[in-house]
Every structure is written in structure tokens, then in C-alpha cells.
Amino acid sequence: MREFFRRHRFMLLCLAVLWIKTVLVSFLTFDLVMTHWLETVIFAAGPLAFLLIVFGLGMLLKASWQRTYYFSISLLLTVVLYSNTVYYREFADIITLPMLVMSGNAGDLTTSVVELVQWWDILFFADLFVLGWFMVKKPPFLTVQKTGFREAKGKYALIGTAAVAIILLSQADPGEAETPAHSFDREHMVKNLGIYNFYFYDAFLHLTTGTQPAFAEREDLDDIKAHLEEHQTEPNMSFHGAAAGKNVVVVSLESLETFAMGETVNGEEVTPFLNELAEDSFYFDNLYDQAGQGKTSDTEFMVNNSLYPLGRGAVFHTHPDNELTPLPKQLGEHGYENVVFHANDETFYNRNNVYPRLGYHYYYDVEYYDVHEGNSVGWGLRDIDFVEQSMPYIQELPEPFYATKLTLTNHFPYELDDEDYFIDPADTDSDIVNRYFPAVRYTDEAVRVLFDEFKEAGLYEDTMFVLYGDHYGIAESHYEELGSFLDEDIGPYEALKLDRVPVIIHVPGMEDEAFTSSTVGGHIDIMPTMLNLLGLPQEKHVMFGSDLLAEDREEFAVLRSGEVVTDEVLYTGDQCFASGSGEELPVTDCLEAAERGEEELYYSDQIIYGDLFRFFDEEEDV
């Protein structure tokens, strides 16, 4: 054994440094909740199995190649670690293989990525400078030596045994027997598998889900039907058809979260117009962000299909050709002209291919707008200019129309030109938090302009407006500074409560019937609510959501990460709380809600992965 260590010092140095770096970075970066000391030991040992195998293979190479091999492995895995660290800072998630399909969007993310990179990130690569110097200089005390296969049998048996033992150890979860399943929680998977082994699992999922349509059958819908019927809620017939025949304008409010509604900075309201609008509308203040890695496109998918997005990648990218039962398609059958306005490249999130499948007739992308340095900021055309330039196209549309408008300005990193500040920035230690509120205020002003334009054009009275926050705005990495602004400590309970998005449905003429609702729900419930208000049949769709106006609806929301909220409990994936008080409860109190959440996500995934709506026309009683 001593001879083995002497002959392979460079390999062992690279392996040890990378192992230590992996464990440290994982603990410092990812929000890993360890409930038992053994979990910590398991997690620390987890990456070692993978590294033993990968570095052990290098011993079969010629001695002249080994240093390059070990350095290359160290560099590659460091890039994996660093990429996930930067991604996690904003999205609190792990990069998956389907995300690589979206790499064509990277050009639009330059500003965001630069904002996420920190000067101290050079420490990620500090060891590589030293290892690189050793690789080039080849000091005699850091030896490498080729090991023949016969000679290596004993050594590989030892390495293999150690790796297998570590892998088996990683399967032991001291708390799993009393904890709801975590099959949609990537952080839990990383905790159990390790960051590198996670990608083998992700590759397995990528391959197996791709074959599901070939094996799917019509009968696969039966279990899904039974689940949906068990939780079916009848829509509120008091509001059925209240907006029948009206135009519909759906506005996706970029990164708007519920906590910003009614908030003030230095005594100035952050959302003065939206606050006023909410008083005369159906305002839902307890709906949760259910978007996945596809962010805005995932929310579009939910609003138009009442299906959950996928946990890996964006549906718009991974399954653009699926058969669906979307809202725009049904509206088209009732004479609606369906259009989208978005001042971005038509290929972003593959929208140019997906929109026709959803039933949209026209897509007004960036080519329809006059965008220049004077009217753009951050991600592109400023929202007020976007609203004003869109209006001539809207006035040309035949009525009734269904128009979706996607705003851009309130996007991370929340940059504005000086003339666009309607309120001062907040005063915290985070520039992101400080800039967020003025950016929200700017978008609020753009919504005011939108309503004024519709009134001036004579379209306001005949239009139902649906406005929603598309996903979270402030990442968990800024919660300490956000907590100081909100004057509260943000723990797991508060963090999940922060992940709410406002939904406002405004129907002119119904101001006296409007109210604020605190029913628990999410993006998934917007489509059934719109269908009921428009007086359209719901049986033409398979929907996981329910009418938000229903009096006896089951209050329930599951986030794409598997977190669940009901009117009684709030489950964070590791802890259980009482929804109202925040009192921590035994995790078993959340078991029923968590299991329903697992079922909802699983069945929705089966529809998408298996393309099950191919068989929908054959179903007579869905």
C-alpha cells in the first residue's frame, strides 16, 4: 500500500483536493438540510466513490499522459461545480441536462450572468493553477506510473470495493422512513447521490423519458382521470359567463412577487396602480410560483394548459410537438383571434414553434418593434415603450381577441436608466434587492399606461384583463437583505411564503362584485378560472387546476420542487409547518399533502413525457 501511494502521488493529490473542494463548495453553496449526523458523513463520502473510479482509470494510461488526464478531470469537474454555484445563486436549483438544450438562449443572459459572478470566485480555480504548474514542471516527488491490468487487479479491487461501499452507504437515509418522498427535489437528490452521481441519474432520466411515448397507451389516462375526479371542484356558477364574449388580455408581469404589492420605499408605494386595480378586481394574494426551470415559458404553459411544467428543462424546448388541449385552441374555435406580444427574439424558449401548437395565430416578436439604445434597458425594450408600440397592432385585431403580453423590464438584475426611476432604490446591503423595487414600480406604471391606452382606444369595457406574476424575483441568496427590508427573519416557513405571485382578474362592470381572495393555489388555477368567467366548457380539457372563485375548492398548491401548501399545512420538503401560524409540526402531519403533491407532479409528467393527449379524443368521459 505504501508503494501504491508513492507511485501515484500526483493522482492522489488531485483526487484529495477535488474531493475537499467538492464537499466544501456543496455545503457552502447548496441549501442542504442535514437532519442527522450520519447524513453529513454520507454526503461528505458520496463524491469519493465517483472520484475513486474516475481517477483510478487514469492509472491505466501511459505515465506521460497521466498528469494531463488528472488535471483535465480536475478542471472539468471544477467547471461543473462552478457552473452550478453561479446558477444556484439566482435560481436555487441544480443545472440539468435538458437545460443544455436551452444554451442557445445564453446570449440573452450576459448581463444576468455577469451580475452573478463574484470576484472571490477565482478561489474555485486557485488549486488548478498549482496543479497546472505541477503538471508542466513534473517535480520528482509527485510521481505517476502506469499500472498494467494484471498488476492493477488488486488495486482496482480495493478501489472498486471502496467505491461500492461508499455508494451503498449513500443509500442509507436515517430520516427517510418518516419523511415524505423527495423524487422532485433535486437538492435532496444531490444530498444523497452527490453532485457528480446526480448527473448519471439525470442522464438516465433523459434517456428513459425519451422512450415513453413509444410505450404509452390510452389506458394510461385512467389513473390520471381517477386522480383528477377525486379532487375535482365544480366552478362557481355565479360567475359563469360573466365575461362571455369579451376580449381577453393576459399580462405576464416579469418577476413580480406578492410581497411587493402594497409595499412602500421611503413612504412611496411600489405598486400604486396595481393596488388600486386590485381593489376593483378579483385579487388572489395567496397563489404560489409553480414555474420550473423554464421560468416565464413554464408559466405560459400552465396558464394555457393547466398542466404542471416539467422538473427538468422547459417544456417549450423538450416537448414542443406534444398534443395538448390548450385554452387558445378552444378560444379559436369560438372565433377568437389569438396573438402574443413579446419584444424578444422569436426563437427564445422555442416560442416560434410552440405558439402555433397552443393555438396562437400571430406572434409579434422583436421584429415588430422599434428597439434602440434610447428605449431599451436590461433585457430589451422598456415596458412602457412596449405597451405603446403594441397598441396599434391591438387596434387592428378583429374582436374578440385573446392577447398575451410578456413584459421584460422587471427582470434580474433589475437595471433602469435614471429617467425610469419613479421611486428611490431600497437601502439594504444587496444591490439586487435595492434595484428590485424601482423596477417593479416601473412595470406598475407600464400597466397603468396599458389600461389608459385601452380606454382611449374604446376597448376597455369589452376586455377582461388577467395579470399575473410569472415567477419569483428575489433569489434565496438575497433573503438576508430582503429580510432586513421587510423587518422579518426569513426561515424555511417564511421563504416558502415569499414564493407567492399576485394574480389580478379585472372585468370592467364587475367592480361591485370584486373581492380579494386568500385561497391557496397557483398558476395552474388561472386557466379554469378564465374558462368559467368566459362561460366556456371545461370538459374539453384535462386540467390539474380548479376555479379560484369556487366556494368549496380544495386549497392546494404544489411547487415544482415538491414543496406543498394547503390551508392547513405548509411542507418545505424537509419540515412541516401550520399554514397560518408557522408553528413547526411533525413532518408526518404533512404526509398526506406531500403525497398528493407527488401524485400531481407525477401524473402531469406522464401526460407530457408520454404525449398522452394523443388519446384524448378517444376518451368519452374525461
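From the backbone N, Cα and C atoms, a Cβ is placed for every residue, glycine too.
Unlike curated records, TrEMBL annotations are generated automatically.
Per TrEMBL, transmembrane segment is recorded for 12-34, 40-61, 68-88. The domain 'Sulfatase N-terminal' annotation in TrEMBL covers 246-535. Marked as Mn(2+) binding site by TrEMBL: Glu254, Thr296, Asp470, His471. Under the heading active site, TrEMBL lists Thr296. The annotation substrate binding site is assigned in TrEMBL to His411.
Positions of the features from TrEMBL, shown on the structure.
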residue: Glu254; record: Mn(2+) binding site; DSSP (3 states): coil
residue: Thr296; record: Mn(2+) binding site; DSSP (3 states): helix
residue: His411; record: substrate binding site; DSSP (3 states): coil
residue: Asp470; record: Mn(2+) binding site; DSSP (3 states): coil
For each of the binding-site residues (Glu254, Asp470), count the other CB atoms lying within 10 A of its CB, then report the residue with the highest count.
Asp470
Residue pair His471 (Mn(2+) binding site), the residue listed as 'substrate binding site' - Cα distance, angstrom, rounded:
10
Specify all same-chain residues, apart from the site residues Glu254, Thr296, Asp470, His471, whose Cβ lies within 8 angstroms of the center of the Cβ atoms of the Mn(2+) site, ordered by sequence.
Ser252, Leu253, Ser255, Leu256, Ala291, Lys295, Thr299, Leu406, His411, Gly469
Cα-Cα, whole number of Å: Asp470 (Mn(2+) binding site) versus His411 (substrate binding site)?
11
Rounded mean pLDDT within the domain 'Sulfatase N-terminal' (246-535) lands at 96
What's the CA to CA span in angstrom from Thr296 (Mn(2+) binding site) over to the residue listed as 'substrate binding site'?
11
What does the structure give for the C-alpha distance between Glu254 (Mn(2+) binding site) and the residue listed as 'substrate binding site'? Integer Å is fine.
6
